[in-house]
Amino acid sequence: QVKWKGKDLFDLVCRTLGLRETWFFGLQYTIKDTVAWLKMDKKVRTKVHKIPEWFGLEGTLKVILFQALAMDRDISLERGQAAKFPSSLNSLQVKKQILDEKIFCPPEASVLLASYAVQAKYGDYDPNVHKRGFLAQEELLPKRVINLYQMTPEMWEERITAWYAEHRGRARDEAEMEYLKIAQDLEMYGVNYFAIRNKKGTELLLGVDALGLHIYDPDNRLTPKISFPWNEIRNISYSDKEFTIKPLDKKIDVFKFNSSKLRVNKLILQLCIGNHDLFMRRRKADSLEVQQMKAQAREEKARKQMERQCLAREKQMREEAERTRDELERRLMQLKEEATMANEALMRSEETADLLAEKAQITEEEAKLLAQKAAEAEQEMQRIKATAIRTEEEKRLMEQKVLEAEMLALKMAEESERRAKEADQLKQDLQEARESERRAKQKLLEITSKSSYTQSMNSSTTALPTDLPSFSLISESLSFDFKDTDMKRLSMEIEKEKVDYMEKSKHLQEQLNELKTEIEVLKHKERETALDILHNENSSRGNSKHNTIKKVS
């Protein structure tokens with residue numbers, strides 16, 4: 001609307017997006033290659049904002065996050081119930097800045113950040129779903145890092161997936177929060193750089209971030225030459241293109257520099273005011289609204305934890321049920337195999353019994369035939385004895401024939417007896433074969449009954465439910481007393497949380513060092529950029545973002 005001021009438009013955007021932590025945000029637009037921030041106390045449709053350029057081809061309007069996240073407190077405690085949207089928005093912005101190489105990120109940290117980005121997008125790692133090549137179309141690493149090592153895309157994917165698998169159980173907002181916790185320790189994170197000149201005309205860079213103002217060499221954006229923490233600055237102001245920083249200690253000289261345009265000085269002052277406001281906010285007792293948001297965040301976190309535990313239990317029960325089902329299926333297959341073997345044994349027993357019965361019948365017929373021949377021999381012998389032999393020679397011959405007939409009859413009797421015994425033995429073998437057949441049929445019947453019971457158990461198991469030109473930093477409205485009891489308590493709380501955060505990051509640093517050592521042998525030394533060399537030098541000296549700023553302050 002015509003009468004709207006910047007705050008009216010900003011409030012409308014916040015209501016539309018559901019933002020509650022409005023102090024983190026601002027409306028930013030680009031005008032003539034210069035970034036500018038919407039002034040909350042000015043009308044939108046004025047020459048100050050030049051609104052036609054917002055929606056024309058010369059500029060764009062967008063919502064971005066102040067790059068002034070807390071460095072000395074747990075980042076998750078800075079957010080209230082609406083933390084999901086701010087963390088998602090900020091993590092996407094930081095990811096884009098890292099991939100566009102606007103923020104320098106070492107290779108090992110790039111891999112770790114990529115694993116958290118994958119966790120936020122795909123959820124928990126599942127080897128059956130996330131197979132080799134599932135990250136082929138994803139842009140996860142800066143091109144500088146990829147070109148620096150003799151590694152194929154498959155090798156990068158393997159290392160990203162190894163860390164991705166360790167993030168199991170983290171929800172999307174938790175993975176995004178871990179991404180921001182790691183990214184906020186990068187030297188260029190949250191720093192807005194501006195080209196300036198000192199009194200001697202030397203070209204320098206001014207960096208504005210959540211910790212204060214920093215002066216850099218143009219060739220080294222990682223390590224500041226001079227730093228002015230917010231709590232050591234008394235006043236900042238500008239006159240035309242000259243910008244002045246007055247330290248709190250009057251013994252220290254005033255620092256002055258010149259920028260290229262008046263518009264740049266206005267932007268620098270706006271960023272200083274915004275970052276200093278956040279700096280002061282973090283060191284004051286929480287307002288009732290923030291306390292309520294933190295309480296809601298804790299309740300939401302507890303509720304999500306209970307939901308995750310419930311889901312974990314259900315998943316465990318489902319896995320156990322699937323294991324039981326697989327075991328029953330395996331047992332069923334085993335029983336089917338046993339039934340098949342029993343059927344085959346039964347068929348062999350029946351064939352053996354038939355052969356034995358046939359053989360017994362043949363033996364019995366042979367025994368009857370021999371008995372008949374023995375009877376005929378006996379009759380012949382009796383007839384010969386009854387015949388009178390007249391001559392001695394005939395008598396002797398007759399006696400010899402009788403003897404031979406008796407011997408033949410004796411042999412036939414023995415053979416008949418042997419055949420009879422063999423027939424009895426065959427009958428006994430036939431009886432045993434039939435008994436074995438009966439036992440095989442009984443075992444087959446038992447196995448069939450077990451199989452039907454297993455199938456019923458399997459079906460019952462598988463049916464489980466699935467469920468301003470001048471700005472003073474020592475005005476009364478922004479002053480604070482560190483002797484106050486609440487502030488002492490808050491300081492102790494901040495220190496405690498800082499120690500906890502350092503302990504948590506120790507294991508992370510060990511992982512980063514391990515990966516760095518592993519891939520160091522594959523590095524192209526000749527492809528290292530100036531920022532890579534500077535980062536390695538800082539790492540070898542043991543310099544980090546925070547202790548470097550303390551040294552140069």
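Easy rule for this one: first residue shown is 1, then count along the chain.
Cβ coordinates come from backbone N, Cα and C, glycine included.
Just so you know, TrEMBL annotations are computer predictions that nobody has curated.
Taken from TrEMBL, the feature coiled coil covers 498-528.
Feature annotation from TrEMBL assigns compositional bias 'Basic residues' to 543-553.
According to TrEMBL, the feature domain 'FERM' maps to 1-283.
According to TrEMBL, the feature region 'Disordered' maps to 419-438 (among others).
Remote same-chain partners of the region 'Disordered' (532-553), defined as residues 6 or more beyond its termini with a Cβ less than 8 Å from a stretch Cβ, comprise 71, 104, 106, 144, 148, 185-187, 189, 211-212, 214, 220, 222-229, 232. For 532-553 (among others), the entry in TrEMBL reads region 'Disordered'.
If you look at the region 'Disordered' (419-438), the same-chain residues 6 or more away from its ends with a CB under 8 A from one of its CBs are 346, 349-350, 352-353, 356-357, 359-360, 363-364, 366-367, 370. Across all of the coiled coil (498-528), the predicted model scores a mean pLDDT of 76.
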